[in-house]
Amino acid sequence: MAGGKIQKKRHGAAGGARLQGGIPFEKSKGQHILRNPALVDSIVAKAGLKPTDTVVEIGPGTGNLTKRLLEAGVKAVVAVELDPRMVLELNRRFQGHPLSSRLKVIQGDVLKCDLPYFDICVANIPYQISSPLTFKLLSHRPIFRCAVIMFQREFAMRLVAQPGDSLYCRLSVNVQLLSRVSHLLKVGRNNFRPPPKVDSSVVRIEPRKPLPPVSFKEWDGLVRICFNRKNKTLGSIFKQKRVLELLEKNYKTMQSLQLTQDAEMGEEKMSADDVALLANMVEDLSMETGDEKEDDEMEMDDADMAGEGAASFKEKIMGILQQGDFAEKRGSKLSQVDFLYLLSLFNKDGIHFS
């Protein structure tokens, strides 16, 4: 309701669920309105609201959750809604309401508009914008206290997945680097009008303060390689020809620029712009299903190395993995601490991933 791609839709007799005034809901815009009052109350309660809070609500729809947020006694509610019909419905619903002075409605695509300052974000979003919205919020400054968001259940389970879980992926690692994520509620599809095809979950996201002192480009470069085939050992992954060629190219570039590890860490701590790149880095949910990529990827044997320099570089990489006891480990089993340690080992020896 608050962002994503708008598609033209014909409204006929089978137009589906409608607002009380006869306006049809459009599934192409992700318009699935919460109809269970107890669930709305539970979401508001779990947001941990304070009287001084400014709340951003993304995708308010007809205002069921908006009403509860205002009644919770917060300082202000800023509702961001893409659909002009819903904006009119919101304005109509709260016209003359005793708390209407605390409500501001912004019509626009949440992925494209600049969000104001806020303490808490509450959202029932179109599921197709889940990934870019998550990282847009995590790149927002100043850092907010928490976000309570309704996601498609599988996406939510990826956010909270731990090392060794079947759904543990780049999305899990990257979001958990930047925030603490917890699962709050499982929500059945029948709690919505019209009901979506899948179940949902409510997740709480609390940005880490301060952010880890690491270049996110470096971090994601390493994680991307490790999760290309997450159930392969790192020793096998880092023997792949294309991986070695990429790392050797980066190594030679850094050597030619004579950048030391100290200078690198001093200049490339994580920034908001760095984090914002994630919205384009995280693969589509359907692409991260396991260990199916590039089964014929070629490992580089010593005989394949073009000269002593290349062979020596491969030994350097293998030595770093063995130094940290990582050669026989798999990306799907590595924790945040493991990835940070592995990245530090590579960087210490002048190996970079961006």
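Indices start at 1 and increase along the chain as displayed.
The backbone N, Cα and C atoms fix where each Cβ goes, glycine too.
Note that the structure is predicted; figures quoted are calculated from it, not measured.
Between the listed ranges 1-22, 45-66, 221-242, TrEMBL ties the annotation region 'Disordered' to 1-22. For GLY59 (S-adenosyl-L-methionine binding site), the number of other Cβ atoms no farther than 10 Å from its own Cβ, over all displayed protein chains, is 30. If you draw a 10 Å sphere around the CB of LEU34 (S-adenosyl-L-methionine binding site), it holds 19 other CB atoms from the protein chains shown. When averaged over the domain 'Ribosomal RNA adenine methylase transferase N-terminal' (39-209), pLDDT in the model lands at 95.
Binding-site extent for S-adenosyl-L-methionine: residues HIS32, LEU34, GLY59, GLU81, ASP109, ASN124, maximum pairwise Cα distance 20 Å (rounded to the nearest whole number).
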